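Contents: one structure, followed by commentary.
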Amino acid sequence: MTFINRWLFSTNHKDIGTLYLIFGAWAGMVGTALSLLIRAELGQPGTLLGDDQIYNVIVTAHAFVMIFFMVMPIMIGGFGNWLVPLMIGAPDMAFPRMNNMSFWLLPPSFLLLLASSTVEAGAGTGWTVYPPLAGNMAHAGASVDLAIFSLHLAGVSSILGAINFITTAINMKPPALSQYQTPLFVWSVLITAVLLLLSLPVLAAGITMLLTDRNLNTTFFDPAGGGDPILYQHLFWFFGHPEVYILILPGFGIISHVVTYYAGKKEPFGYMGMVWAMLSIGFLGFIVWAHHMFTVGMDVDTRAYFTSATMIIAIPTGIKVFSWLATLHGGTIKWDPPMLWALGFIFLFTIGGLTGIVLANSSLDIALHDAYYVVAHFHYVLSMGAVFAILAGFTHWFPLLTGFTLHPTWAKAHFGVMFTGVNLTFFPQHFLGLAGMPRRYSDYPDAYTLWNTLSSIGSLISMTAVIMLMFIIWEAFASKRKILQPELTTTNVEWIHGCPPPYHTFEEPAFVQVQE
């Protein structure tokens, strides 16, 4: 098999998963570089980069790169492709060629996003791309149009991937295996895929109408022609809120596996509760979108509903957190690097969840909307939730993917540096938000200097952690410590073929004997 046949025309779920992981790692470094530019600008009062337009282009690109080209490709494309077929005993994904197309739509999409910043003044709209700022008056030229096309491609990629994962998870498992006997990671990817399938078409509709408003003189979002910019916000957030659950749900699945494994348990605590909690989160995620819009002047009854509905999501989330803690209870805990990431995840995700409950209150949110408190909140659940879950999964399954082991001491040190960095970066932002510092500005009054400086120092510590991780991965490949026989394979099906598994697995159907 030639290099080109293997890597460009691949129909193998393991190879495509590897492509997704490499692409996501690369995009993650681009997104990190952008975030360091943001923190460099905000490290001291005064201007570093120039005007707010270039600053907002960087902020917008940082969000898009991290969401669409780092977290989703790694969690869904990388871990999803590698593990879902192995965990259900399928020979591959249901639609292997469509799987390849889903991946190869992402590099062109990334290219279009980068192109958007090189023409005119760039797309400095924020990741929400709200009109009228995103309209053709405030953003003349092709920048926003290129960003919209980038989102179109990334969206098509995700929709096709979602169809593939739904079909695979439901139809490719052995007949004897009920859906309620599949591992939690498979469930998490299945639910994520359903969310993608239902939410992305709404985003596509919204940005397509924005595209025609900009180029074909329609007025969907222009009051002068009977349109309404608030309609765009509803369409965007009907996608945008499920999207944040799309980013965290596969992480929930990863953490369930890692915690169970390193607590020495043969199953997670409360399997059914975990499944129904994820199903509930997936459903509720669709009926809370307007909590992002408490400041647009909605009716008081509407605000009351969205406040209460948002708070209800804390219940299934709490079920998951306490089930992880119950899984740990009474276990023989192995303090390996993946376990450290998982414990860090549980702690920091819970803090992020608590600030989310604060922001759910529509009255409080009037004061905190577009302030740094919101930035702190969602970076606790993303930068320390999604990213910690990715690193837990990566350190846990690295031997499965490569056949080599990471250096345990280096990996623990990396956790320590990263934990320090992200907390020093984002904890002070709660204080800035409560003190009234607004988001998306490149400068600030000098009263805010202390916490901003600390936050920027934290970002440099996190950068050090990223460099450490690159070294740790290099060291693992250079030292070639092989895994001879993985343990606990009876309850962790993905490991039964050895490390790494052969190119083709389950070529003949798996024999499944269901325990009564």
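Backbone N, Cα and C atoms are what each Cβ position is placed from, and that goes for glycine too.
In terms of which side of the membrane each occupies, Swiss-Prot places Phe3 apart from Gly436.
Among Ser363, Ser383, Ser442, only Ser442 appears in Swiss-Prot as part of the Na(+) site alongside Glu41, Gly46. Of the residues His234, His241, His377, Swiss-Prot places His241 in the same Cu cation site as His291, His292. The Cu cation site, placed at the center of the C-beta atoms of His241, His291, His292, has further neighbours from the same chain whose C-beta lies within 8 angstroms: Trp237, Gly240, Val288, Trp289, Ala290, Met293, Phe306, Thr310.
The binding-site residues near His369 (Mg(2+) binding site), taking a 10 angstroms Cα-Cα threshold over the set Glu41, Gly46, His241, His377, Ser442, amount to none.
Taking the mean position of the Cβ atoms of Glu41, Gly46, Ser442 as the Na(+) site, the remaining residues of that chain whose Cβ falls within 8 Å of it are Leu42, Gln44, Pro45, Thr47, Leu48, Leu49, Tyr55, Asp443. Put simply, His377 (heme a3 binding site) is 26 Å from Gly46 (Na(+) binding site) when counted between their Cα atoms. Taking Cβ pairs closer than 8 Å, the topological domain 'Mitochondrial matrix' (172-183) reaches residues 85, 87-90, 93-94, 253, 257, 271-272, 275, 493, 509-514 in its own chain, all 6 or more past its ends.
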